[in-house]
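Notes to accompany the following structure.
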Amino acid sequence: MEIHKPDAHRREYAYFELPNQLKVVVGSDPHCDKAGAALTVNTGLCDERKDLPGLAHFLEHMLFTGTKKYPKEGEYSEFVKQNGGTTNANTGCYTTNYMFQVKVEALEETLDRFARFFSEPLLTKDCTDREINAVDSEFQAGLTHPAWRDIGILNMSANPAHPFHVACGNNKMLRDDPKEKGLDLYEEMLKFYRDFYSANGMTLSVIGKESIPELEAMIREKFSVIVNKNLSLPRGDAVSDQPPFLPKEWNRLLLQSPVKDVKTLKFSWVLPWQAPLWRSKPKAYATHLLGHEGSGSLTARLKERGLIASCVSSGGGWLEGAFSLLHVQFVLTDGAVHEVEEIGKLLFTYIGMLQKVGAKQWILEEMQRLHRIQFKFMPDRQPFSLAASIAANLQVHPPAEVLSGPVLIYDLDVTGAQEILERLTLEAVRVTHQAKVLEERCTERDSSYDSPMKFEELPDAWRESWCNALHAGSTAEEAVKAAEAVGLHLPHPNPFIPEDLDLKAHGGGGLGHGGASWCAVVRIHEALFLCVIRSSLMPSTAMNALRATVYTHIVQEALSEYSYDADIANCSYSLDIGEGSIIFMAGGFHDKLGVLIQAVAQKMVEIGTSSLDSVPENYYRIVVDRLRDGLRNQAFHSQPLSQAKLRFNELSRRVGVFAPEEFLKELELLTREKICGIVSELFSCCHAEAMIAGNQTPEDAQKLVRDLEETLKIPSTMQELKTIEEAAVPSGRTLWNLESTDKDDPNHAVVAKWQLSRGVREACFLQIVNKILSPKFFDILRTQQQLGYVVGMGIGPSTHFNFLTAQVQTEFPPDYVRSRIDAFFEEHFKWLEEGLEEEEFQTCLKGALSELQMKPKNLSEEFGRYQSEFFQRTYDFDRRDRKIQFLESGQVTLQSLRAFVAEIRAAPLFYVQVRKVLDKEDKPLPENAVVPKDPPDLRILQGYEEGRQQRDELFRTWLPINNKIELMT
């Protein structure tokens, strides 16, 4: 059997079925440098007892507690991480997915551990309480997230007679409620495993360097012992003869008051399960048109009127299995929060037109062509995500189409597309309106996340208005005229569908402007373009940085109709703001890329001139509203760990770095008039640098840069960039105590950062230390001590330094958690110096080397490896190669690693603690646990203001980021 694959996939694929009916797809690539596997079980949340919500998710956690052959808890995760890999799992409504990735040499040993999850798991009873706590921590992490609150309300409003329900699980659901009901959670979990984990419902994908026969032999040996219970689980309409949502309960108005600054309006319909229709994908026609952003689209018209900031049409994702969903969601502007009737009127006018003119063959043909190009040139992926995708797809698609089935449109089904359109009726819609201004009306609470909400009947006036819009005109011609009267019409043929798909002949070499450049010679059909424009205006003040931000966003809004066709044809761009710079990225098929770049550049010189007309009021309002919401969420609704990272960056970098609170203050003073003239201010004193990779000759690349410079009129006279500096952390230990800015978050955060030199030697030793200690850190602080759901170690470079970082988000007192972090490193640094054995050291050394030697699977991955060096102006593009050389040089020995630990001990250590302000008691300390006193040499900064005020006294050494300009011709 031949498995249909994209051009970029070099590996050979094969399908086979084990005697126990477990279905397998393997991928063999003798040149691969990473291996991986994933297994999907065809069961999930909706198969558990409805009176034990979260049971399936709890089982997913329990499977990681050991197997008969490998009984040590945490051994599997430690083995994977030390062998250069990663592991994860997730539980959906109708499937549960497990996956891992490791260095190629460790595949068989990892598979041996992995397979036993499903044949001989211990499901250790002593771990029950700990894993309940882990599930609860996961629940708490999503407590204020809008998406989880939406899911909680969907669960609450489902038909009680239908099996559908969604629950992550928490302490109440998994510990308290079962006790009250007289249920033994552990026994119910065992029963769920026995009843629903069957080989004939499992699909497996394995990616490795071994040959197909070798992979098959390996898998048959390890997975054939999984028991086949001949289980058949119903899906789609077969799940129940009852509807998942009662029509009267569904067809209502749902009001929500969010924690974050979110203003959305969503129209949702329940559809028959669409997965079996994968060949024709009839729902895609509706989502394509309802989410379209080109001329005459719903999005374009609503933006033109200043009513919305964006629109997305989507499905139900992992919630689907008994049914499917179709959503049309609008992000509202401040002025349109109460314009629900008017937005709905335009939506139903558009839907009415689509229904009456009928599904168009030419649109389906264009979609088919776009999907075919998308699949043909789909980039390859790392085994971790690729194997997970294949295993999940194999649940629905035939083996030959596991890669192509989710992408391609095989059959043009005009009738099917029309049937979906006909289901988008007023009687079948749920309208969800979410905004803080609705707080007083949200007098009820959802049963999962306790979020303020309220169901109401759709007002009669809305129904009448929307009904008239939906049925405007009795013929197609009349419906088209009604739509055109409000500025709506079908899209035009897409001009960005590529015509020239030939590969360019490369002459080698690179290109440069202003200091450095990089041009990859890669045999692919696409190209990526990055231009960083560093202006002396932007780092000077928060207001100027804000003006530049608003300017770039207005440019994007002004181009949205034009660029949308390019985007869906895989030719896209972005304009963003960095530290004192405008970051312009574009990518796509080479024959259209230059056209898009020039269109963006031309719009950049048209927006923000001296004329007020060059700053369109509707786009200005959309941008400012969206920016205000984003800044408020960053300032007042970020998770504690995000706050800690943000504040450390503010403290340790000087010039061009501004707090979100500063931007919010300046935003209140900003006007349209202040955007006028910014284009000349930005580009009259600036410096541009470009990096290009992919299907471009050096001559093509140089022309792209020259054309951009000429259009933007970038001068070549700038001699030096404005200096941006990074601080050297003071010696010893420093603690910065901060209060959380999110009044609703129940978590604290503790982050510890050791700062060392940025040298290749230091980076390599830190990578090995992290490889050895990070799985132990996770196992001890999260699994054993249950300090929180988000627990981890990591390493990473800044412009001048290497950092070793440890972090915990927790409901325990932060001083106690910090003491646990200190205790872990004190014990394990000593163990590294005295107890680490050669075998484990060699395993981790090889694991670190395998990560560095991993080849990029696509152009984006390769490009990304050079971006940070380019942004930071270090231009250290061979850094990865030098790290590989150092690790292979023989200088990295167990003895030299032990000596390096002393350097970490001596390195400056900076803690950031974010304390919650929510009036909720911390979790009690474990029995006999105490919070130790801080050592006398600990330097403590109390509060945000004290930290900012003492910064220059605290940080005596500031290192400038490269500001030299070396013009190249």
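Sequential numbering from 1, following the chain as shown.
A Cβ is built for glycine as well, from the same backbone N, Cα and C atoms used for every other residue.
TrEMBL: automatically predicted annotations, no manual curation.
Some features that TrEMBL has for this protein:
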DOMAIN    23-141  domain 'Peptidase M16 N-terminal'
DOMAIN    186-369  domain 'Peptidase M16 C-terminal'
DOMAIN    375-505  domain 'Peptidase M16 middle/third'
DOMAIN    531-653  domain 'Peptidase M16 middle/third'
DOMAIN    769-866  domain 'Coenzyme PQQ synthesis protein F-like C-terminal lobe'
Mean per-residue pLDDT computed across the domain 'Peptidase M16 middle/third' (531-653): 93
Secondary structure content of the domain 'Peptidase M16 middle/third' (375-505), with strand meaning DSSP E or B: 55 helix, 13 strand, 63 coil
Feature contact check the domain 'Peptidase M16 C-terminal' (186-369) with the domain 'Coenzyme PQQ synthesis protein F-like C-terminal lobe' (769-866), CB under 8 Å, 3 or more pairs: no
Summary of DSSP states over the domain 'Coenzyme PQQ synthesis protein F-like C-terminal lobe' (769-866), given as helix, strand and coil counts: 61 helix, 18 strand, 19 coil
